[in-house]
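Trainee: Feature table excerpt (TrEMBL):
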| type | residues | note |
| --- | --- | --- |
| COMPBIAS | 1-41 | compositional bias 'Basic and acidic residues' |
| REGION | 1-47 | region 'Disordered' |
| DOMAIN | 175-314 | domain 'Nrap protein' |
| DOMAIN | 320-459 | domain 'Nrap protein' |
| DOMAIN | 465-624 | domain 'Nrap protein' |
| DOMAIN | 645-843 | domain 'Nrap protein' |
| DOMAIN | 845-1000 | domain 'Nrap protein' |
| DOMAIN | 1002-1134 | domain 'Nrap protein' |
Amino acid sequence: MKRKAAETPADGDKEMQSTESKHSQDEGERPTKELKSDSKKSSNAGLVRPLKVSNKELYKAPTPEELNQLKETESLFHCSLLKMQMEELLKEVVISEKKKRLVDSFVLKITELLHSVPETPVVELSDTTWLSKAEVPFILMPKSAKGKFHMEPPASVALIGSYPLGTCTKPRVSVDLMVTIPANVIHPMDAINQRYSRKRALYLAGLAEHLLSSKEVGTMQYSCLHGNRLRPVLLLTPPGKDGGSLTLRIHACPPPDFLKPGQLHPQKNKIRTDWFTGIDAPQPGGPDAPTPHYNSTVLGDHLPGAHLQFLCAVRDQCGAFKDTVALLKVWLRQRELDQGSGCFGGFVASMLVAYLLTSHKVSNHMSAYQLFRNALHFLASTDLTENGITLARNPDSTAPSLSDFHSAFQVVFVDPSGHLNLCADMTAHTYKQIQHEASLSVQFWDDPTMDGFQALLMSPKPLIRTYDHVFQLCGLSKLQSACKKLNLFSELMDHSGNYIITALPLLLSLLQRGLGERIHLLVHSLPPSPEWPVTSEPLKHKEQPPLSFGLLLNPEHLASALEKGPPADSPKAAEFRQLWGERAELRRFQDGSITEAVLWEASTACLKRLVPQQIINHLLQLHADIPPSCVRYVGGLLDNVIIVREESCGTGEEESLKVVQCYDDLSRKLWQLEDLPLSITSVQGAHPALRYTQVLPPVPFKLSYKQFDREKRSRALLPQDGNPCPVYITPIKVICHMEGSGKWPHDALAIRHIKAAFHIRLAEILKNTHNYPCHPSATHLDVWKDGLAFRIQVAYHREPQVLRELLSPDGMLLMRDNLQAQALEMDTQHRTLLTSTLHGLQQQHPCFGAVCRLAKRWLGAQLFGADLCEDAADLLVAHLFLHPAPNTAPSSPQVGFLRFLHLLSSFDWRNSPLVVNLNSQLTVADYTDIKNGFAASRESLPTMFIATPTDRKQSIWTRDAPSVQMLQRMVTVAAESLHVLEAQLTDATHTQDVRVAFRPPLDVYDVLIYLRPKQVPLVGSAVDPPSHEPSRGAQEGAIPGGVLPVIDFNPVSLYLTELREAFGDMALFFHDPYGGTVIAVLWKPNTFPPLRFKTGTMAARRVEVCEDKVSTVPNVEAILHDFSVLGEGLVERVVPRTEKWVV
């Protein structure tokens, strides 16, 4: 490879240049000479000097490091941006030198204090009277234990963990300090019956008692190492302003040779049953059961020093070790997997990287990015629940085998000693979650069309927003009876009475069996590490937060309400009946088979999505004595917002399906029509209801003729005066394209006349052939079919082009775009294509329509309906399904809606286009072109830019709205709504009222116009509907034929149109289109400054004379009166809310 040393390297090559320079200095093989300057040195002092090298140096082969960098840049990174992002992230998480000095200083002070701990007399192990202030951080279960104890200064104090290893990261800077308990304080027999664990806790209490009197310590608390109550730690912070940025964790550990590892074999027992139960009589079942988890806890305290030495040796061999561990820790933290009981913490992550390096699965010369990627790939492809791994190269003869570890633990990762399972407390479901997340991360990393850095390392994944359904176990004390019913006495003894950790694996296994193919994944939150003051008793197990569980649903099997079991004569039938209890029954199916089955109550799509709730409640009640009142299921709380029928709990999927089926029937009949001058080439839907995304799906109605008058000529139904506004009947728009022909005129007005004639002819044929009531007009044809109204609009494909044609004065034909042509093209081409595409997306993802409806319901309720059109909102939701990173596509409306709020509030609308790759039509090159075009023309493009395969440069759906101010308002309200909703869904102490996120804040508006509820046709669908809604002359149901009702009559919409036409230059008007009874008015900023008097600008203004100057100001009193006059009969009252003007 030829190097042009005489050229100045570009910025992107600085790293390579610095590497070359370093090799030049280290090897001493590349001498350089500065060229002599022909001019004065003072004038050329700032110039970059070219380097003069020999031909041998110029054509020298690249070094291995340079080849590795070139290969890395070419094949690993999609672009240099990803590399720079990761480098900047590492700079952000690495501890600064200033912080290190603070840590070293604080550690030194604490070490001196610890060495000055006074000795105390020898007392019984159960005697704590020598402690005057500090409490013992241990739950005494049982109360008594044999042994003696006294305090002495520690044998040694040393740093362990991530800080001396160099892998400590921000923002939670935790430094571990190991305090070695003197050998004469503990006895070799203390491993039995929790004696060692109690002495360890007493020693920590003695340290806390001593440190309480020191001013060198800020706050002091107890906690537990990864939630393990047998391994309490002491948390210290420095005094002053630095206290919140640093935590020192003090671990009390025995001398390294205190116990031989072979004594703590997983198959051995170290807790005697008679001591734990207090019953001297021998227990049935032979000898005491093994206590692998307790043994692992005691053994883990012996090895921190040895583990640190091992990791330091590996770190010294691999330069990228520290950065790799830092990236893994960030990745784990974003997925909430690095804290709590059974977590995959930074220590296990370090050991994983060490395993990959020592087993030669990766090279010591790899970069941090390559190591990080290989670590994720290893996690995704290796199942440690089936095939454990070990770091031990030459274990001694007493070390357990991998099969011994697998028989005692669910996840196996053995440390270098060969005796300790690093994942002893981890459940199989936690590891499956890690595998799932690693597999997703590798998939996103390989996708060149997305921002892998954002998905991998910058996007938090809280449980409530990651999984489709979430439920909580609130009454944790009920798990005691669950342990008894599940016969978990030996496991409870192994976990020293921690009934939560004991019951959790069995409950997970039970729920996994019951949910079966309905879910892809079942995960649980990690029981947190409690923290409490050193002067307080430790928290009891039942006082910890509720356990949370997440379900990743499988849409393919979610729609079934039947759980089909084995045949009645199968050996598995008894197992099936044992699992389901009395719910299991024999059923005969249409194919003649007779099998065991369980049928759940679910008549609608909404209830079928909640069948897992019935399964969970039933299994927990049957097998664990956990009543449904202790299970808080939050999978469908948001469904109430879009429920169409209260009695059936349906959320509109069935109604939308009926609309689509009715449209399909009408479409077939239109295709079959004869006696038309031109044939129909296509029939396309152009309405949200035909893609399942209409907030209020049209419902078939039977009209009550008594509440209507008849129009004289057509006998159509008209609303009676004085009655409530009649039911709103939604017109479902259908575009009917006619074939091209020379018969079509080339004049816009003539084309409109031809279309009107087609509407009349279609009405005649449909009336005569199918007896459909029809009403033709110049712009459309209304058809009443099966209780639904369809608005058919004839289209001619060349009409938009004709509208753009313009003759110049000299007779030349010019093309000029205009609003009329754009609107027609939108209706007849873009919206029909979007409708058919999103209809296909609904077939792939059954909950797509429900998520769209929730999103648009929120937009309408927050008064943003006029600023973000329905089509744009549907595209935002489509993005969540087509580009779900860092998650999988939503399978429930609730999680989809939460992600919609997160997308709206967190996306960088100013600097990035939102690309929605419908039907996967966009290639990598297309993505690049869209982003480059966006960057080049940003100032002239819409504030919210949404690109699709058919709209890459204009963003036609957001061309007119929202404005910068309204988008910022949307972002703010979406962020606050997301915060409120997540708090309500995750915190059992919150009042359960999810509708609070749909109630708009009205205090920011200047005027509120209150409407009469009985004249608002959709008031029954409001966020807070009235308790009693008046009759509106219609009942649900459909009858063929009938009389054509008034279609698309909404007084509120008509009133808003008049307000905007009359006062749109002075104010903005906001309204919830789905039953809102308030119109909010916001004055425009340029409304109130006085203007010069002109007769043409006197609308809604009055004259003011000041010092012989005549000006005009808004006549607010008259404007407010006009609001009432325009809405006579509809407006209840007009309330001004601010004093920003003078009335």
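Glycine too: its Cβ is placed from the backbone N, Cα and C atoms.
What TrEMBL says about a protein is an automatic prediction, not a curated fact.
Each of these features: where is it, how hidden is it, and who are its neighbours?
Mentor: Each residue of the domain 'Nrap protein' (175-314) gets a DSSP state, and the totals for helix, strand and coil are 59 helix, 28 strand, 53 coil.
Taken as a whole, the domain 'Nrap protein' (320-459) shows an average pLDDT of 94 in this prediction.
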Trainee: With pairs closer than 6 in sequence left out, are the domain 'Nrap protein' (845-1000) and the domain 'Nrap protein' (465-624) joined by 3 or more CB pairs under 8 Å?
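Mentor: The answer is yes, given that the two segments have at least 3 Cβ pairs within the 8 Å cut-off.
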Trainee: Per DSSP, what is the residue count of the domain 'Nrap protein' (320-459) in each of helix, strand and coil?
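Mentor: Taking each residue of the domain 'Nrap protein' (320-459) in turn, the totals are 73 helix, 5 strand, 62 coil.
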Trainee: If you count Cβ pairs under 8 Å, which stretch among 175-314, 320-459, 1002-1134 touches the domain 'Nrap protein' (645-843) the most?
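Mentor: Answer, by Cβ pair count: 1002-1134.
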Trainee: Within the domain 'Nrap protein' (1002-1134), how many residues are helix, strand or coil going by DSSP?
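Mentor: Result for the domain 'Nrap protein' (1002-1134), in helix, strand, coil order: 33 helix, 37 strand, 63 coil.
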